[in-house]
Each structure stands twice: as C-alpha cells, then as structure tokens.
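For reference, the structure discussed in these notes is given below.
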Amino acid sequence: MSESETLDYDVVIIGAGPVGENVADRTKAAGLSTAIVESELVGGECSYWACMPSKALLRPVIARADARRVPGVAPGELDVPAVLASRDSFTSHWKDDGQVGWVEGIGVDLFRGQGRIAGERTVTVGERTLRARHAVVVATGSRAALPPLPGLADVRPWTSREATSAQRVPGRLVVVGGGVVAVEMATAYQALGSQVTVLVRGDGGLLGRMEPFAGELVAEALTEAGAEIRTGVSVASVAREGAAVRVGLDTGEVVEADEILFATGRAPRTDDLGLETVGLTPGDWLDVDDTLLVTGTDWLYAVGDVNHRALLTHQGKYQARIAGAAITARVSGGPLNDAHTATADHHAVPQVVFTDPEAASAGLTLAEAESAGHRVRAVDVEFSSVAGAGLYAEGYRGRARMVVDLEEEIVRGVTFVGPGVGELIHSATIAVAGRVPVDRLWHAVPAYPTISEVWLRLLEAYRDK
Ligand SMILES: Cc1cc2nc3c(=O)[nH]c(=O)nc-3n(C[C@H](O)[C@H](O)[C@H](O)COP(=O)(O)OP(=O)(O)OC[C@H]3O[C@@H](n4cnc5c(N)ncnc54)[C@H](O)[C@@H]3O)c2cc1C
Ligand SMILES: NC(=O)c1ccc[n+]([C@@H]2O[C@H](COP(=O)([O-])OP(=O)(O)OC[C@H]3O[C@@H](n4cnc5c(N)ncnc54)[C@H](O)[C@@H]3O)[C@@H](O)[C@H]2O)c1
C-alpha cells in the first residue's frame, strides 16, 4: 500500500481500544471488509493505563487483605517490586504486538496514526484516505479531565495513566476526587506503602454514583488502612517546590505530598477528530441512539466511552456487539430488533469497584429508580446474617441492598459491598436484565454455604417488610 492512496472498505473504525476491536471482530465475522485506525497502542486505555494495570496492582492487595481475615493463615507482606513487575507483565510492558497479531489474524487491516473524519463516510490517516461504503465507527474513548488550576502542568500531576504505570511508589500521595479511580488507586497505593490523602469536594462522600452505604463502607476501610479522607474540600492551588507538591485547599490549609493524582473524571477524545467536517462539534461527547448511530446521521456510529452512556469496558464491548449487529442488519436490509438495540445501557449496567471491601452494583440505585418514576422499595441486609460470609472472612463486614419495583414485582437494582462480592454481581445482572419476577427468584436456590445466600436474606427481608 502506498502512503497516499485511497482505499475502500465496508466499515472503518477509528480507535482500537477494547470497544473498537470488538466492533471489528463483529463486522469482519459478518463478512464486511473492515479497517481500524489506532494512534497509540492497539488495546487502548483499558489494556495499558486503566482496567488491567489497576487490577493487577489491586489483586495482591485484596488477596492479602482476604488472607488476613481467615483464621490460621499467616499472610506475608506485599512484595512491592514483584507487584509492579506483575503489573508490567499484565500490560505486556506497554507493547501491543499480541493485540496487533489478533487484529491481523481476524483479517482486519490496521492503520497506525491519528484518524480524522474528512466529510461523510471518509477518514484520513496521514496521507491515506479510507472510504467507508457503509459505516464509520468512532471508538476513540476518553482521557483524564483535569481542572483548570493555574500552573497545574508545571506540577506534573499524575492522572490515571501515571497512577497505573508508575515504576515507584511515592511516600506521600494526594488523590483528588471521590470516584472509582480515586478509591481504587487510594486503596492500591496506601497498601503499597504511600501515605494517601484523598480530597473530596462537596459533601457527597465517596462513590457518589452508587448507593450511599458503598462510599461509607469503603471510606471506613480506607481510613482503617491508614489513609486520610477529607470531604468538603476543594483544591485552590498547586505548586511544586523542589521534589514536593504543595496543595492549597479552599480552607486555607496546605497539604504537602510527593505526587498528586487527579482522578477528576474523563473528557471525550473528539477534539482532533474532524467532527467539524460533518457538522458536529469537536470536543463534545457523541450522542447516539440505541443502535449506536450518531444523532442526525445514517452512517456514523459512536461506541464505548466516547458516547458517554456508561464509561466501562464491558458496557462498551456490549455496545460494540450491538453496533456490529446493527451495521450488518442495515447492510443486508434486514429488520432491527432487540439484538440491535443497547437497552441494557439504560437499566442494567453492572460495575465492580475493586477496593477492600469491593463494591458491586447492577441496575439502578434507589435514588435513580425513584427519579426514573418507578414505585420502588429498598431492602437492606447485613452479610453477617449469611453463613458463607462468616466462612469467607472472620468478622465479615458488608451490606446488600435490593431495589424492588412494587408495580411489576421485579428487581430494578442490587448493590453488594463486602469482600469477594465482585464475583457475585452477575447473579444480580441476570435478575435485573432478565426482569425476573421476585416470586421466581425464590426458585433460584443459592448454594450452601456461599456468600450468594445473601439473596435469600434479601428475599426474606422483602417478604417480611
Ligand atoms: C484507572 C482506570 C481503571 C478502569 N478500570 C476499569 C475496570 O476495571 N472495568 C471497566 O469495565 N472499566 C474500567 N475503566 C474504564 C475503561 O478503561 C474504559 O471504559 C474503556 O477503556 C473504554 O474503552 P474504549 O475502547 O471506548 O476506549 P479506550 O480504551 O480509551 O480506547 C480508545 C482508543 O482509541 C485511540 N484513539 C483515540 N483517538 C484516536 C484517533 N483520532 N485516531 C486513532 N486512534 C484514536 C486511543 O489511542 C485508544 O487506543 C477504567 C478506567 C480507568 C481510567
Ligand atoms: N472498576 C471499574 O469499573 C472502574 C475503575 C476505574 C474507572 N472506571 C470508570 O472510569 C470513569 C472515570 O473514573 P473517575 O473516577 O475518573 O471519574 P468519576 O466521574 O467516577 O469521579 C470523578 C470524581 O472527581 C470529582 N471531581 C470532578 N471534578 C473535580 C474537581 N475539579 N475538583 C475536585 N473533584 C472533582 C467528582 O466529584 C468525582 O468524585 C468512571 O466512569 C468509572 O466508571 C471504572
């Protein structure tokens, strides 16, 4: 292929993160010629600076915490260099040969460089032009959003990228934000040896999108682990003096640290994408319908973080499967049905926060269900009432909530907080996504003595209320 030619494909995908890769897999398997464009590493943020390295840092931390709660086990200390080395191995040392091999193996053409839309159904990569007969799919993900603090760049702040790829554990780490990145990284670094201070603005506490008790239990545990959680404070100034960062708060206090991590949310990677050539605004999240088609177009799709529906790898991959099916159906002129619409994005999204304790949820919180207009009742139980929890950990601490729709008698949402609950959440996802009637849930018998018997306690609490 020469550098300046024009090439025709059925589908052109911009961004080879987990979501773009999954669209490619689907469209190629359906017999559509497919090209994918990647400006950095094939595998995206998730593989190299997000899900995989963060969980590789957290897994030893959680395994040790679990072992400490089992009588008769004498867990050792964390071997920090070994933890970092294992994380490096999970990111393939930030090399993408394996994933490039996979893309090539399924017969999809990979183009390296910045992809830009250049009018309808057209994408440029350097001097090359890729024309799409049927669809262009934007899967460019998101990047860390930093607040507009004067002099911030001079401080060389950490974002999730530095936090997940650091080769050294700072002595003192300030974490700004109270969301998922903040609590996961605070958990990891406090256990790896940093003195962590978490700065949370407002009085919403940690994990504001989950049921309130999730953030409360995680905050309690982080505090017990030695971290300091400060709520209701905002960062007013930052400056680096020598090796130290001085963080000025709106209260007038100054906190000193070796590094500062901003875990303050995400921004869409659409600023240098050529959106203006098709009447869209650079820097905006892309609005889509349930088939992932960008509003007002019949050829442009947006999947994964970039559409802002649910910034989670598994949900983006679900959208990728749906978009692949929708593109294929439209090419063949077939009808669109439930298989071509991402309905779960609205009411059945699962998430696991890999802290100690873990916080896992599926579907709507009580507040979300109420504001969506459902007539609901929430029932709460403590895991101390479950035999399997006691066996799992001495003095197991955790809580579960089930939000039941009183009109339809189905479960709208479930939240579990406690050690090991991440592996339990798919049972809740099935109940919520499958709209299983509460009466039928009594016939889904949890094995004894597992933590999943919490389902019986929840059903009993609902029956007895
Ligand atoms: C620290 C952290 C931990 C996380 N942990 C989890 C977790 O445990 N579980 C979970 O489900 N989610 C997790 N997430 C969220 C998850 O990382 C994202 O939801 C996921 O990466 C989104 O996938 P994506 O393919 O849409 O985007 P990305 O993974 O961001 O991939 C987009 C790709 O597009 C490329 N690209 C961008 N613009 C262009 C362009 N113009 N031309 C060519 N290529 C381009 C980028 O280089 C990148 O490779 C985490 C996020 C963070 C920050
Ligand atoms: N285990 C997982 O599933 C996992 C792990 C990490 C990240 N993620 C996903 O990645 C996305 C990004 O995570 P995140 O934690 O960066 O974002 P988030 O939106 O979850 O949390 C951002 C936090 O920063 C605070 N904040 C925003 N601007 C601020 C400012 N100027 N000053 C102080 N605080 C500010 C917010 O109040 C909030 O507490 C999330 O949607 C999350 O679901 C998932």
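In case you wondered, yes, glycine gets a Cβ from its N, Cα and C as well.
Keep in mind it's a predicted model, so treat the numbers as computed, not measured.
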Figure out which of G31, G113, G115 sits with K55, T140, G141, S142 in the FAD site per TrEMBL.
G115
Of the recorded positions listed as C46, C51, G179, V183, the one whose CA lies nearest the CA of S142 (FAD binding site):
C46
Among T140, S142 [binding-site residues], residue with fewest other Cβ within 10 Å:
S142
Which one is closest to C51 (disulfide bond) in space, judged by CA to CA distance, out of the binding-site residues G115, T140, G177, G179, V181?
V181
So which of the binding-site residues K55, G141, G265 sit close to ligand 2, that is, with a CB under 6 Å from an atom of it?
G265
Which entry in the list of binding-site residues, G177, G265, has its Cβ near the fewest other Cβ atoms, using 10 Å as the limit?
G265
Sort the recorded positions C46, V181, V183, G265 by C-alpha distance from G141 (FAD binding site) and give me just the closest.
C46
